[in-house]
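*Asks:* First, the structure itself, so that you have it in front of you.
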Amino acid sequence: MYQFNFRPVFDNLDMLFYGAWLTVQLSFSAMVLGLIVSILGAVAKTSGGRVLRFIVDIYVEAIRNTPFLIQIFFIYFGLPAIGISMSPNTAALVALVINVGAYGTEIIRAGIESVPQGQVEAGRALALNKVQIFRYVILKPALRNIYPSLTSQFIYLMLTSSVVSIISANDLAAAGADLSARTFANFEIYLALTIIYFLLAFGFSTLFGALRRTFFNYPASR
Amino acid sequence: MIREFSQADIFFIVSAIRWTLLLSLIAFVGGAIGGMLIALARTSRNVVLNRFARAFIEVFQGTPLLMQLFLVYFGLAVVGLPINPLLAAAVALTLHASAYLGEIWRGAIEAVPQGQSEAATALSLSYPDRMRHVILPQAMRVATAPTVGFLVQLIKGTSLASIIGFTELTRAGQIVNNATFQPFLVFGTVAALYFILCWPLSLLARHMEARMRRAITR
């Protein structure tokens, strides 16, 4: 009969909570930087030249059709061969930014294209200039359209980020791996980790839902 | 000893694809069965079934696949089974796929207009007949594109089985890398192989989605 031992979990809660904090920090940094990449990618795809569009397409397809684990192995173990070495934490961040940037490019592009062309024409008829049209006619409805995808992408990113522990970058999963190597209470520790990840994901999706009701709670145009 | 990255290594990596495919197939078939049950439970009027299915989906969509793998892997000892990477990976990925496919198919079932179900009820069809002959065939058309899309996610997900020691494509790459120390080449090759597996499916999913959208707007 298996003897449960939750002592290592309760004795090291501070370590697990610190790990959770690292995961939140990593996810936020990756999301913010990833959004910059996504905006650039989306702009290149919607208004760039043919060559630029092709390059962005290759980037997006390559990232979306390979596992994150391989991407991080390639960046952490592979790139030093061509003279680019990084610490595990930097490699983890870079890998996450590149990953979320590809998904974000598609989300933002879809958001830009979701605003009907007629709206833009109406803005022009009202003699708004390009910047005004972007700010008042395209941006706000586009933001509302992509908000749900972006927030679920953030939560997905946070869950995926657990994989960075494999190259011994510091995060919640790494704290758990460290703890289970010292105490051998593997099942109990991973159960605790799973619960913490779940609480993080649940907490953020509740928060994002509340923010959506606060900022985008006007009647839908459709 | 570090040796050269040779043809034998490439062959070793390429032949490991069969384990990635096997694992994907098991998870997809298992996930299809589980996902169908979850989707039916989620759309049923039974409150207990409905709540259970919803909790199942929330738990598996709200926690990392890596944690699910570890939990099943170490959980085998808890339920008195010998620890086995293939078994653990198959069970974890099946549960994972059940949750995602369940949610995709719930959406597809709900996309079938309410009137169809009412008409079938008016024709005094029983629940199984209604589902089998009226609702599910129509829901299937909506569900195909996202299901193929999820298959890509599932194939990529099998790479995590390497972490609990199952020798599929990613693990084969790690083994070769440890012997040859050519990480750029090795992981580049592995990435290319995943791409070859996943890209056609991505294109197919996108193509189906576009056709579906045209069919609806027409």
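Including glycine, each Cβ sits where the backbone N, Cα and C put it.
According to TrEMBL, the protein has these features:
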| type | residues | note |
| --- | --- | --- |
| DOMAIN | A:20-208 | domain 'ABC transmembrane type-1' |
| TRANSMEM | A:20-44 | transmembrane segment |
| TRANSMEM | A:65-84 | transmembrane segment |
| TRANSMEM | A:154-177 | transmembrane segment |
| TRANSMEM | A:189-211 | transmembrane segment |
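Could you give the neighbours, burial and distances for every feature on this list?
*Replies:* For the transmembrane segment (A:20-44), the list of distant contacts is 52-53, 55-56, 59-60, 92-93, 96-105, 107-109, 111-112, 150, 154, 157-158, 161-162, 164, 169-173, 175, 196-197, 200: same-chain residues at least six beyond its ends, Cβ to Cβ under 8 Å.
Residues 15-16, 18-20, 22-24, 26-27, 30-31, 34, 68-69, 72-73, 76-77, 88-89, 91-92, 95-96, 99-100, 189-190, 192-193, 196-197, 200-201, 204-205, 208 of the same chain lie 6+ residues outside the transmembrane segment (A:154-177) yet bring a C-beta within less than 8 angstroms of a C-beta in it.
For the transmembrane segment (A:189-211), the list of distant contacts is 6, 8-9, 16-17, 20, 23-24, 147, 151-152, 154-155, 158-159, 162, 172-173, 176, 179-180, 183: same-chain residues at least six beyond its ends, Cβ to Cβ under 8 Å.
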